[in-house]
Amino acid sequence: MAINDTKITIPCTETCPDTDLDSDSSMSQRAQWLRAAILGANDGLVSTASLMMGVGAVKSDSKAMLLSGFAGLIAGACSMAIGEFVSVSSQLDAELAQLKRDQRADEADRAGLPSPIQAAVASALAFATGAMVPLLAAGFIVNYKIRVVAVAVAATMALLFFGCLGAALGRAPVVRAAARVVAGGWAAMGLTFGLMKLFGTAGL
């Protein structure tokens with residue numbers, strides 16, 4: 001009787017799981033960065049649009065509205081960058097101290113540490129990207145009423161996009177998440193516009 005020697009190949013059990021874990025970790029980190037970028041862009045959009053709507057409530061001059069939005073973009077981007085730099089620097093100091101306590105400070109360990117400068121630049125760019133939406137919407141419109149409506153519509157469309165994208169990355173219900181983001185943006189713009197209109201009418 002002939003006997004067939006059959007070799008059974010056993011899948012790797014040591015390297016493959018580590019590779020999968022590294023891949024999952026990398027994907028998770030990229031998703032976190034994207035979510036942070038979306039939040040930064042959303043902050044820039046809502047704060048700048050609300051600021052422009054507030055100024056537009058008391059001044060019909062397009063120059064005043066655009067200058068206020070541009071000032072908000074610069075101030076907000078700087079604030080986001082400084083805050084992120086300080087936060088990530090503190091995190092970096094803590095992780096370096098932990099590596100020293102564990103006597104693990106080789107190049108591989110240092111490569112995975114966060115970069116304060118990279119985080120600061122990313123936050124500033126994300127904020128500026130969102131803030132550019134209302135500025136571009138109002139930049140070429142002379143008529144006061146059309147300009148205010150254009151800012152509101154552009155901000156709404158961008159909020160809807162950011163809400164859907166953030167929900168998709170977080171695997172959350174898209175409609176509910178997008179509605180929440182849009183409602184929050186409307187509340188900020190409406191409250192700022194209404195209060196400034198009230199103050200302007202009262203002559204404050």
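The backbone N, Cα and C atoms fix where each Cβ goes, and this holds for glycine too.
According to TrEMBL, the features are:
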type	residues	note
TRANSMEM	64-82	transmembrane segment
TRANSMEM	119-142	transmembrane segment
TRANSMEM	148-169	transmembrane segment
TRANSMEM	181-200	transmembrane segment
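Proximity of distant same-chain residues to the transmembrane segment (64-82), defined by a Cβ-Cβ separation under 8 Å and at least 6 residues beyond the stretch ends, is recorded for 40, 43-44, 47-49, 51-52, 54-56, 120-121, 123-128, 131-132, 134-135, 138-139, 147. With a threshold of 8 Å between CB atoms, the same-chain residues lying at least 6 positions outside the transmembrane segment (119-142) that come near it are 33, 36-49, 52, 62, 65-66, 69-70, 72-73, 76-78, 80-85, 87-88, 150-151, 153-155, 158, 162.
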